[in-house]
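*Asks:* Reproduced below are the annotations present in TrEMBL:
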- 1-19: signal peptide (SIGNAL)
- 145-287: domain 'Peptidase S8/S53' (DOMAIN)
Amino acid sequence: MKKTLLLGAMVFASAVVSAQTLEQREQIAESYDQEAINTLNQSLSNSQKAELERFNILRAQNNWPETIILENGNTAYLNGLLMNDQPKYVTTFNAQAALMQGATSLYNGGSLGLNIEGQNMLVGVWDGDKVRDTHQALSGRATSGELLFSLDGHATHVAGTIISDGTGNAGAKGIAPQASVVYYKFQQSTSSATDETEMSAEAANGLLVSNHSYGIPADAVSQAFLGKYDTGAQQWDQLAVTYPNYLIVSSAGNSRNDGINFADMGYDLLTSSANAKNILTVGASVGQSNYSGPASVPMSSFSSWGTNR
């Protein structure tokens, strides 16, 4: 089973400690530069409008399908243009698993003598569709940020990885079992709101961390696009700079076994937003039931790598 470290426990803990109450989230929101927020939102709006106009012309000329089926059987959704005017298709990446051996030391009764379990923490999740918010392990702590109808197993699994309280399966306890999730469907058409617009709105209200287990698959773009610092990466960096307390967590992808970019020996496989410089891009490890330390967790053979060797 492919597993990805969702968040290093201490990284997540730092966000939890930073905002444990609604009042503290409001204070964080008030600390931001409103002029910078307005500039960012106007830039996002202008970019979306310009891309949509160009996209509609090219889609009519090329008759691009709304969805494509990838070699691994996953569905990818048409949601815009790449920088070379090629169609941009986005898909979910493999479900993620928390590094519980680190997180449990933060819990009540843990080895560090703390009681950090995500109390009053709000986490954003952008994923395939609606989270099953009635799941017993989520106990009413998952709320949709938009009107959604179709339950999505991937989105539910990611939400559970973050906030499951372990009801029904203690081994499936999430990294922040007392936190809550606000979730959105990642942009799957050009007619819907962009993820960046939604992320900006949530960050402006004090959201500190969000998870994005999706992206542009490496086998759906040309080699020239791999590692490219494109508009998607630029916009996520703009979000991070405008909201300095907000941490965006992105999947690296799972393309190293797909026969792509052999010349770089498995490196330089990140696409679009995963190349942003001010976010946390997370790769995949091999799941271990007997964790004894970082050395006991080998790197997976499939996880996409960046440019650094």
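Backbone N, Cα and C atoms are what each Cβ position is placed from, and that goes for glycine too.
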*Asks:* Compute the average pLDDT of the predicted model within the domain 'Peptidase S8/S53' (145-287).
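*Replies:* The average pLDDT of the model in the domain 'Peptidase S8/S53' (145-287) works out to 89.
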*Asks:* For the domain 'Peptidase S8/S53' (145-287), how many residues does DSSP put in helix, in strand and in coil?
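*Replies:* Helix/strand/coil tally for the domain 'Peptidase S8/S53' (145-287): 49 helix, 24 strand, 70 coil.
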